[in-house]
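**Student:** Questions regarding the structure given below will be posed in turn.
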């Protein structure tokens, strides 16, 4: 019987598998940041252990840093401690660190791919739940906890049980104005936030193949949001073109040999999947979440669902609780709902393609009066540099947005960028949980174009009706 891409990747990295025990996997790439690594390094010191393979671990600063200042001395509290600790630990062990003073610094899941650290066929781990992003390259990538970070630093291996296999096929082509974010939100809406639990999911179909690498990263980034362990897309010419000449990508004959191997990284025709989900691309409309998990999502031309019409008691109770928190009534048209803030950024949507899409909407327009703040936060120093070369920063600033430095920013309430209590935000991030963007903040997940439209019109609008300047 044939193998799935996941099975091929997993089996290729098994170091040891005793009968009846969890397999031990070799880890090709370990990415670290300032939040989940300090305790791991402390554990190494206490145990008297060294970092086993320094050249396979890379660090960056992203979660708790300020997007306004680049000087560690101007940081405060926990953020300053975490940044200084990461710098100290990387210097002590020889780990390469992309710190705040380099243009290579960025959100870990933006920095890794653009540096060529993310390659097809690899196993990649990071102390961050959205490590699945790297699966867009045909790599087996997943988030790990701090104790596992320590284990990988010490051994370059990790115990990992086999997951089930899931295939999500998006057939045909999407309509104009529909983005990768809309595709993945539609998938989560269909599967629910737990639909992929216990699985590694492979995304396929014409609509997935049509996506750029930036779009594929957006899709895999949110695999975790429907419960999957990891997300995968088989590598192809789009992948190879993106990676060619990246700093850490193979060169010369090594590149040719790598391409030959990478072309084998696909599911066999007779591979068996435990779960199969199919969507028709033509049916996908611009998506907006209405509740407090990414599975509570509708198309912009639909009304907020009525919990009274839900037959499952758990789903009904969850919807009632979500609507109470989010401050909406059943059967509300989201196009009538004003927003207080807009956030364009995060490891989901802060790449150059995302910023171009937002700028196309905001060009020649101004922030709506009712919108208190619009944050545009590039995913890395290189994205920022490219955006400024193209003049995108000037478009954002002219529209009344704030153009910031790279970082995780308002995706999570761990730094200075937060919502005020009960403020409503159109956000390009990946989670709309209660309090995710700040105490009692209300988050609606959308694509960059939809977020930009909310910024200039002051409410949610159907991007398909907006003329681009």
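Numbers here mean position along the shown chain, with the first residue as 1.
Cβ atoms here come from the backbone N, Cα and C positions, even for glycine.
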**Student:** Per Swiss-Prot, what member of 220, 347 joins 408, 411 in binding [4Fe-4S] cluster at one site?
**Tutor:** 347
**Student:** Taking the center of the Cβ atoms of 347, 408, 411 at the recorded [4Fe-4S] cluster site, which other residues in this chain have a Cβ no more than 8 Å from that point?
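**Tutor:** After dropping the recorded site residues, what remains is 62, 63, 107, 130, 345, 346, 348, 350, 407, 409, 412, 429, 430.
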**Student:** Counting across all protein chains present, how many other Cβ atoms fall within 10 Å of the Cβ of residue 347 ([4Fe-4S] cluster binding site)?
**Tutor:** 26
**Student:** What three-state secondary structure does DSSP assign to residue 408 ([4Fe-4S] cluster binding site)?
**Tutor:** coil
**Student:** Counting only residues 6+ away in sequence within the same chain, which have a CB under 8 Å from the CB of residue 408 ([4Fe-4S] cluster binding site)?
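**Tutor:** Expected: 62, 63, 64, 107, 345, 346, 347, 414, 415.
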**Student:** Cβ distance under 8 Å to residue 411 ([4Fe-4S] cluster binding site), same chain, sequence separation 6 or more: which residues?
**Tutor:** 343, 345, 346, 347, 348, 427, 429, 430, 431, 436, 437
